[in-house]
Amino acid sequence: MDDWFLTVLLLLLLCVSGPWGQGQETEGSSEVLPEESTGEEVPKEDGILVLSHRNLSLALQEHPALMVEFYAPWCGHCKAIAPEYSKAAALLAAESASVTLAKVDGPAEPELTKEFGVVGYPTLKFFQNGNRTNPEEYTGPQKAEGIAEWLRRRVGPSAALLEDEEGVQALIAKWEVVVIGFFQNLQEEDVATFLALARDALDITFGFTDQPQLFQKFGLTKNTVVLFKKFDEGRADFPVDKDTGLDLGDLSRFLIIHSMHLVTEFNSQTSPKIFAAKILNHLLLFVNQTLAQHRELLTDFREAAPPFRGQVLFVMVDVAADNGHVLKYFGLKAEEAPTLRLINVETTKKYAPTGVMPITAASVSAFCQAVLHGQVKPYLLSQEIPPDWDQRPVKTLVGKNFEQVAFDETKNVFVKFYAPWCSHCKEMAPAWEALAEKYRDREDIVIAELDATANELEAFSVHGYPTLKFFPAGPERKVIEYKSTRDLETFSKFLDSGGDLPEEKPKEPAVSTPEIQDNSTKGPKEEL
């Protein structure tokens, strides 16, 4: 992962999934069992029911809450989730929870994969009350406790009904973050909205109440969702608008923002929440946590955070931890800590303080304000120009010499934008070297390459690897993207025609750079 946005992404390359078709049954109907299936016992492996087209209907009849994993024996992601799936089954069985886990070998059961629109593995679907027409697709965590909690909140209450102060205080004492909905009438639609959100916010414990004495105890006079936490300011209130009611999206964002610490340490566990918060501006403090003088800076950093809550997310990055990919993305070295960087995750523009800036609450606040008010110019990453950049047939471009070389009016410049880790880039490298060798004596043609993970360009951004662009000679600054076959013969035709070639599908597709988002709850899938 060479990109702040690839922190989650390269581990989460998702394939597209969508329905192929639906079953022929009407909603709530069940398939008639073959006569030989009557009395048949559904087999189990590691606490998981093993289903097929012959016994699925039987399983649906016997188990009113049934989670089914469609897997493929060759699928690496399925192998990874298998032990967690079995652990989840064991957890639920130990609690005598009224839910059962099952699995289907997708390639061996094409009728079922077609019926349920399975186009990638693993795909998990949840069936209730024997209804095989509209199962709910699982998009929760891939770990055992997450799977179990997702199911608990579907077969049981997603929030605890609280009757007295003792119950409220017990809930608050037990968990680091607790959300309680105070509603004057439990039959209101707002309560249903609240409970629906609670079904999927698995990392937060929920309760709700309509007791007047509890409204009085917590100083409330109207319907309010209150987040209690054992850190920072301790409590955050979300009043329900009397006219518009409880908005699911607004409440979800409120809970994500306020359930996070004012300063969040960046790591693999917190990164999903960081990006799920949908706060566009991230302020990063790079420190070495092994040094006491660096740790002391966190106090001032945290002190500056409250006025920016919801507008700027304050993140601490420990340069002594496994965060080299983050340092590289911001063009930093560990020895440059402590230092600040701010990034807008929508535009990907990065900002740095001017000169040497001491890390104080006042300086952090001033830097944030300056960026938000457009008083700081973004910077672009660039490696240093290698001394021998033009000595090989394939010329080496970086951010600092790209403009001069690519838009030279006397040259036709063909550039490969690549990522060092990209397998497609490595596969086409011999053809690119051969092309450069073929035209090495042509003064008007330059064959070049640029590592797009370490160099950024003002002219355009690169979102997939490899990306090939042709910059024909002339003053127009014209750019032609090459989208044809990646071999020496086709490259040569393209150059000889001045960048004019009928489009063909490349033999190898470019590797798209996925955007980072809150994908921790979405498991990777392999296509059928």
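Glycine too: its Cβ is placed from the backbone N, Cα and C atoms.
Please treat TrEMBL annotations as automatic predictions, because they have not gone through curation.
These come from TrEMBL:
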type	residues	note
DISULFID	Cys75-Cys78	disulfide bond
DISULFID	Cys422-Cys425	disulfide bond
DOMAIN	27-156	domain 'Thioredoxin'
DOMAIN	356-500	domain 'Thioredoxin'
REGION	21-43	region 'Disordered'
REGION	495-528	region 'Disordered'
SIGNAL	1-21	signal peptide
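In terms of DSSP helix, strand and coil, the domain 'Thioredoxin' (356-500) has 45 helix, 28 strand, 72 coil. Summary: among the disulfide-bonded residues (Cys78, Cys422), the fewest other C-beta atoms within 10 A of the C-beta are counted at Cys422. Cys422 (disulfide bond) and Cys78 (disulfide bond) have their C-alpha atoms 24 Å apart, to the nearest angstrom. Cys75 (disulfide bond): 22 other CB atoms within 10 A of its CB, across all protein chains. Note on Cys425 (disulfide bond): other Cβ atoms within 10 Å of its Cβ, all shown chains, come to 23. Under DSSP, the residues of the domain 'Thioredoxin' (27-156) split into helix, strand and coil as follows: 47 helix, 29 strand, 54 coil. Rounded to the nearest whole angstrom, the C-alpha distance between Cys75 (disulfide bond) and Cys425 (disulfide bond) is 25. Across the structure, Cys78 (disulfide bond) and Cys425 (disulfide bond) place their CA atoms 28 angstrom apart.
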